[in-house]
Amino acid sequence: MSDLPIINFINFNQNGTCISIGTSQGFKIFNCEPFGRFYQDDEGGCGIVEMLFSTSLLAVVGMGENPAMSPRRLRMLNTKRHSVICEVTFPTTILSIKMNKTRLAVLLQEQIYIYDISNMRLLHTIETSMNAQGLMSMSPNSENNYLVYPSPPKVINSEIKDHATTNNINIKKSDAAEDPLRKDHFAYDPSDHSHPQSTTESTSNNHNRTYSSGNNNNTNSNPNKIIKNGDVIVFNLQTLQPTMVIEAHKGEIAALKLSADGTLLATASEKGTIIRVFNVENGSKVYQFRRGTYSTKISSLSFSKDNQFLAVCSSSKTVHIFKLGEKIIDNTKPNELNSDDDMDDDLLPQFENGDDEEEVDEETLDEEATSLNSSHSNKEPIVDSSRSTVGRMIRKSSQRLSRKAAKTLGAYFPIKVSSILEPSRHFASLKISTTTNQPIKAIAAIDDPISLNTNEYPDLFDTSNQADHQNTDGLKMIPVRVLSSEGYMYKYILDPERGGDCILLEQYSLLSE
């Protein structure tokens, strides 16, 4: 096991049909169905290996073991011809690369370079704030050609001290307090960057343009200022202009993802308890989901191709799958919805005990959550017997009582308050099969529905409980593939009607020869 290479990068291609993996020895490309490796290069450590759908074009960035594999150098490769198409060197380390059929975006710590992928001509440069996590998502659809990335921190003036509560706030007597309408009390402060301004400059070289996102380096100079860094910028890759800023969360963005058609944006904050989905066209919040009670690190978000499901991978080795059937939030008033949508993160209890986090994430759907997410189905959710524990049964009973109480109280409160009490839970979940106790990173891809012959898996399916199905040989299931940072690909199946626990069908190693 000690001879196995170290994994530096792992990802699906844009439609989830292939896998690219970068290691300390080189990189590999795999086909998902049927599973198998079809390309390998062992010329040096790779930190980024991005595919363009199922084509022979690869974007590769090295780990710096030699000058040719510098982490500042982007190499565009043709795997069929085994040749280098072009190389581009950047001033700092490349953190992320995203591609579709018309655009290529290269993310550095404080810049994003946008290229025409057909000729690698530089079209635009975006100056943004520090993005050490390399967060960026590009729509695979060239018609809704969008790029999203975290907005620079927004500074909000506040005279409320940290940890202040309604029990110990004292109103300070001052001239401004006695006369709150004094002109200088609301006067414009040029040093206030609560509304970042964008500037566009034109240069004569290849018509390149630079957009500044309003980076503010003095956000911590005033201790009475509140820093809000949960906004997301939506950038149109066709017009090369930002279209809007979506106020996604109060805390720092931990993960974001555009849907395959570029119409939806999913976001998660560093707390990892609330997942939100926005309409990219108007910025309205159309879905809000509760992943769990305890804080955890969200490693990735993934939409299904038809936007019916959203997979959320966390460091607790659990993947939650939410159903996006009917909109749970009325988006007829987008401004009102987004004005205080951070309330949920503040009012929900937050914990940081990583040991308990894993137990909470293992919860199954209770009756109320099942009726919400699968209102058109009277069948019980699937329960994986291998995940049945006494603790899980106790948590399920406790959650049922809590949900009933929230439902009763919600009837007496406005919609916004009741949505905080009873946010939508996951439709299905799976637990990554691993023996390590260390947190892992994972990414999921939800495939198109397939017809599964349950007779081929007698140990996984109890056909005696499937009297509703006249033909058990053609059970409709949805494959869910999960990549782990340990170097495994797992293939689970999801029942699109019943939800519940996803069943593990296959498991492959991406490192073994």
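Glycine residues also receive a Cβ, built from the backbone N, Cα and C atoms like all the rest.
Checking Swiss-Prot for region 'Necessary for proper localization to vacuole membrane' across the ranges 289-292, 325-328, 437-440 points to 289-292. Across the motif 'L/FRRG motif' (289-293), DSSP classifies residues as 0 helix, 2 strand, 3 coil. Sorting each residue of the repeat 'WD 1' (2-40) by its DSSP state yields 0 helix, 22 strand, 17 coil. The repeat 'WD 2' (248-288): residue composition by secondary structure is 0 helix, 22 strand, 19 coil, according to DSSP.
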